[in-house]
């Protein structure tokens with residue numbers, strides 16, 4: 001019997017979905033991403049969403065100002081789609097190398113999404129321009145109708161929004177972000193080369209029992225919400241199969257402790273400090289380490305048409321405890337897996 005690997009060396013990965021926030025929060029969390037990842041797709045859902053080229057340039061500079069010396073990191077900016085967005089502004093940003101993609105948030109689906117799209121028809125001219133130019137559409141795939149159960153939002157979105165959209169714009173590049181259901185896993189698997197998906201570590205590691213049984217665990221609460229174990233298993237099987245249109249997207253989404261541990265807590269897991277090791281643990285459990293590098297470092301660039309990173313990252317089998325909290329101005333952050341011991345960690 002072969003002894004398990006003690007070191008995993010992979011091409012430097014990218015994070016294809018991250019929230020870096022702004023202000024003191026941004027300064028606190030950026031180094032956890034820039035230390036490990038060569039690039040990251042930065043979500044545009046600030047309190048004042050990123051809808052113009054100038055706003056994206058200014059935000060990118062604030063991110064770069066927070067990157068520690070010695071970190072080689074490129075933030076990839078996204079445009080927040082609204083019903084009133086000017087397609088010419090998006091095209092200009094894309095041609096000038098400011099916007100890498102555009103993000104569709106259904107109105108009120110998640111944090112700072114009140115400015116989001118009320119219907120796909122409202123932005124069809126923008127989407128048609130994106131299809132023509134090859135700009136990827138990043139989708140938070142949930143309906144937000146009051147009569148739809150929160151655990152059914154993703155499956156309903158596929159039937160009522162995603163599939164009609166892709167039938168109408170057959171060459172539009174779409175990333176179905178943070179998929180959480182067997183329905184989405186099968187839908188992406190059955191799709192063509194214009195459809196891909198990101199998957200978070202929390203949706204691979206946990207299901208709704210982990211969040212709700214024996215007491216509510218607010219630091220596992222995110223949107224889309226954790227689902228049944230049958231959905232978790234479908235996601236694990238998808239990545240373990242070596243499927244090439246699924247790739248790393250942490251959806252690391254920090255909120256201060258007092259905004260998570262409250263009677264009406266915010267959605268989001270701050271997983272940047274432990275995400276890569278968490279993914280490695282899942283792939284190891286699934287006997288799929290042969291596909292780990294592709295998921296982290298190859299599949300994303302291939303879909304986006306970008307070069308692979310040239311550097312390397314090593315993970316070592318070295319049990320380490322995740323800190324219980326991280327200082328944040330006059331508050332703190334509780335990271336994903338706080339206080340728990342993980343078996344894979346990034347070599348410093």
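Using the three backbone atoms N, Cα and C, a Cβ is placed for every residue, glycine included.
Here residue 251 (Zn(2+) 1 binding site) comes close to 17, 18, 19, 177, 178, 198, 200, 222, 268, 269, 271: these same-chain residues lie at least six apart in sequence, with C-beta atoms under 8 angstroms from its C-beta. As annotated by Swiss-Prot, Zn(2+) 1 binding site applies to 17, 19, 103, 251, with the evidence given as experimental evidence.
Per Swiss-Prot, the feature substrate binding site maps to 19, 20, 21, 45, 140, 223, 255, 267; the stated evidence is sequence analysis. Every protein chain shown contributes to the tally, and the Cβ of residue 267 (substrate binding site) ends up with 16 other Cβ atoms within 10 Å.
Look at residue 103 (Zn(2+) 1 binding site): DSSP puts it in a strand. Summarising the annotation, Swiss-Prot assigns N6-carboxylysine to 103.
With a 10 A radius on its CB, residue 103 (Zn(2+) 1 binding site) counts 26 other CB atoms from all the protein chains. The feature Zn(2+) 2 binding site is assigned by Swiss-Prot to 103, 140, 178.
Residues or ranges marked as active site by Swiss-Prot on the basis of sequence analysis: 251.
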To the nearest whole angstrom, state the Cα distance for the pair residue 140 (substrate binding site) and residue 103 (Zn(2+) 1 binding site).
8
Pairwise CA distance, residue 20 (substrate binding site) versus residue 103 (Zn(2+) 1 binding site), rounded so that it is a whole Å
15
To the nearest whole angstrom, what is the C-alpha distance linking residue 255 (substrate binding site) and residue 103 (Zn(2+) 1 binding site)?
21
Using all protein chains shown, find which of the binding-site residues 20, 223 scores highest when you count other CB atoms within 10 A of its CB.
20
Sorry to bug you, but what's the C-alpha spacing from residue 103 (Zn(2+) 1 binding site) to residue 21 (substrate binding site), rounded to the closest Å?
16
